[in-house]
């Protein structure tokens, strides 16, 4: 009887172990098929604060008056070309980070008082998107962002003015893509 009980116990343990391995294998296989959680989302409340919305749009309006190059748009249809809707927030994260690091921070002593309020707000959005990544091919995104960066660099200070003058478009595009 004891031998039969031991035999059943080993058989049961073997079945249990095999079942666990099967479950782990199925879980791992399913995990490969699921997209990685990208955390590419912003809360709508970020875009519903009248004061900062007003300051952002006022900064863009003030600076756009100094923009002499009205033939070029940095944020528009071309920027989103070839980028699926689900990846547009990641694209806008890249544009936001470039705008902050290469345009706004070097120009932060200008266009006061708006700049001192808008830069921390946009930095907060950038921090909220810090874990935003895509798991697929980002070739079109990188190409479009590279084109935007090259345009700003080619235009020099005029390109920086244009980027600041389009902060309203950046704001709206972030809201549309990330909320």
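Residue numbering: from 1, along the chain as shown.
Cβ atoms here come from the backbone N, Cα and C positions, even for glycine.
According to Swiss-Prot, the feature signal peptide maps to 1-33.
The Cβ of residue 40 (disulfide bond) has 89, 90, 93, 129, 132, 133, 134, 178 as same-chain neighbours under 8 Å, each 6 or more residues away in sequence. Taken residue by residue with DSSP, residue 40 (disulfide bond) is part of neither helix nor strand, so it is coil. Feature annotation from Swiss-Prot assigns disulfide bond to 40-132 (among others).
Positions annotated as N-linked glycosylation site by Swiss-Prot: 54 (among others). A helical conformation is recorded for residue 54 (N-linked glycosylation site) in the three-state DSSP classification.
Taken from Swiss-Prot, the feature N-linked glycosylation site applies to 68 (among others). Its Cβ taken as reference, residue 68 (N-linked glycosylation site) is surrounded by 9 other Cβ atoms within 10 Å in the chains shown. When secondary structure is read from DSSP and collapsed to three states, residue 68 (N-linked glycosylation site) falls in the coil class.
Summarising the annotation, Swiss-Prot assigns disulfide bond to 89-178 (among others). Following the DSSP three-state reduction, the secondary structure of residue 178 (disulfide bond) is helix. If you draw a 10 Å sphere around the CB of residue 178 (disulfide bond), it holds 23 other CB atoms from the protein chains shown.
Marked as N-linked glycosylation site by Swiss-Prot: 97 (among others). Long-range Cβ neighbours of residue 97 (N-linked glycosylation site) (same chain, at least 6 residues apart, Cβ-Cβ under 8 Å): 126.
Highest local Cβ density among the recorded positions 54, 89, 132 belongs to 89, counted as other Cβ atoms within 10 Å over all protein chains shown. DSSP assigns residue 97 (N-linked glycosylation site) to a helical segment in the three-state reduction. DSSP assigns residue 89 (disulfide bond) to a helix.
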